[in-house]
């Protein structure tokens, strides 16, 4: 039996309750649009007061589906923005709208353009459309990513934009190789003038310039204008010149010259890079109408992630102004990749009669989780006001927990996962849990805690901590210090940073080592000490700093210097942070991993038994004989057990960055390190984007959400004081007001109790059968 309007909402004020009753008391068997709009408005107001839903009626479900139905059936001739909240079924709405355009409005499939950001999303849409309209019609659609769409039409109309039909698409690796060749003439000059610019960073800057539509010529003009302005500011004084240099070059001038050379090489080789596909696509569609006359309706997914060129592609293709976009400004988290959330407002300006429809029905999360998420994101005063509702029950209140240290926080995560699994009697498995991190260096103590509890885990779209490049670089130096005969460590360490020793040189070293039956490190050390003649090509001058570094580390090891201090000294001698800046686009995250390695070393030191260089009994000989060796052993054993077969470890707890988790969902979400230096990230330039990132992380949760933070956290081996993120502090302030008003708050400071009614809610939301009580008792006994 359906609930009465009086039972729809609890915790709302009397005036709100009366408004809901009035709005839902229409005598018409089918509520009118004004009835539904009025009810939605009052429900939004109720939610802001801390109200929650108990047993939604069929009438409420009708309200929730009303917006989706309106979006699907919207007049094709009027531009439409579907602002779809997380878990609102946007893919279903988008595919249903395409089917509606074809089946109801009789628009030919080949006249419809549907654009996604990934091939995976395009394939998912195809699969759904195959079932809705059949494979023949689906195949006729012009569907794919922006890049694939442009490549397709550039092949059809190449001469219109001055390229050949058989142009080659240059991938990211090829682009970097070309840019590296163009930068070689500048290498010595940059070294002499302390200019840091690598092919990776140059490629990234050029790509961002192209994403904004800035050609090499435009970039060069802007650079020259900036230089003239700088000369005016500095009274005409030029920057310092390197030895023998008549004309000084700034990093911007070098970049501009490389950019011009890069464009020229691409043109000479009849090649386009990924950004060029968009640039030439805009040229084609803007200036050659015959290339776009076929398009009667254009649909774009994840519109909040579009950049300048992708927006211009839309305006060029949609000449009939028949456009549908789907996006969510609250989930705009890729500003660092040139995404421009402002494109939503640009569209409303360029397409004045654009209609906005909000999809606010969430099919993923419990009501408590949604209320908490909205409390966080609503602090962004520039956001488009919108809400989220669900027909799911209230569910457990999200947990906000504080710990004395990050180690205690990590141990809680592991033990709480085990407690959840036991209390749910098999409903929840390891694979139902995700730990979402602002940056991946935070994974190390959590991986360790999970391992100690015997909980299998995986890293989504990345490597476990001790498998990461920068961690392995540092460990290679320390392994070589401890064991100079370990050739793999030598091969890795001698390349970091680059010393002008290529594969041919390393092959010569390896051959000589095999011939003399010594290690490869022994070869270079003997060459350095004049005990062996230099090889061809000569290496003595190149390996001198390397030999000195290893010998310095060896001396520190003999003096029993703590490994954390050895790592600090090593990264300083190698200037490793600058090395990362020069070679890695994501250098900040990688440098955080180096700092976390120092923290790990400090923890090993504090827990280690004193070194025992002269064991008195055979059983004692199994212990490492130095602090360095203890550290290396702990590092290697931290991944012990990860080599089980996939069948044995099919269910695994997921660790992921918040960015990588976008678009995914899990029954249980844990967000550790919810402190001020993490959310927002201390290096950020866009605080609002950081708030949206936390919102994206929290809205991945279906039934349980945990936000965790610590009073202290180890950073580079030193204890740092931490405080709760301002994003959560603001929501917690609202939380206290609600509790004081006898309303249910956004957060609970206690873990879920897993009473029968709690298990029933989780079972209902996940659509899984309730566990047997005997099974629960058995699992709790094991726990």
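Glycine too: its Cβ is placed from the backbone N, Cα and C atoms.
Ranges compared are 604-627, 628-651, 652-675, 676-699, and TrEMBL records region 'Disordered' for 604-627. Mean per-residue pLDDT, taken over the domain 'UvrD-like helicase C-terminal' (367-663), amounts to 87. Within the set of binding-site residues (88, 91), the lowest number of other Cβ atoms found within 10 Å of a Cβ is recorded at 91. Close to the recorded ATP site, the chain also has 93, 328, 359, 362, 363: residues not among 84, 85, 86, 87, 88, 89, 90, 91 whose Cβ is within 8 Å of the site's Cβ mean position. The Cβ of residue 85 (ATP binding site) lies under 8 Å from the Cβ of 328, 330, 358, 359, 360, 362, 386, 388, 699, each of which sits 6+ residues away along the same chain. A count of other CB atoms within 10 A of each Cβ picks out 87 as the most crowded of the binding-site residues 87, 89.
Within 10 Å of the Cβ of residue 86 (ATP binding site) there are 24 other Cβ atoms, across all protein chains. Reduced to three states, the DSSP call for residue 89 (ATP binding site) is coil.
In three-state terms derived from DSSP, residue 84 (ATP binding site) belongs to an extended strand segment.
Here residue 84 (ATP binding site) comes close to 90, 93, 326, 327, 328, 359: these same-chain residues lie at least six apart in sequence, with C-beta atoms under 8 angstroms from its C-beta.
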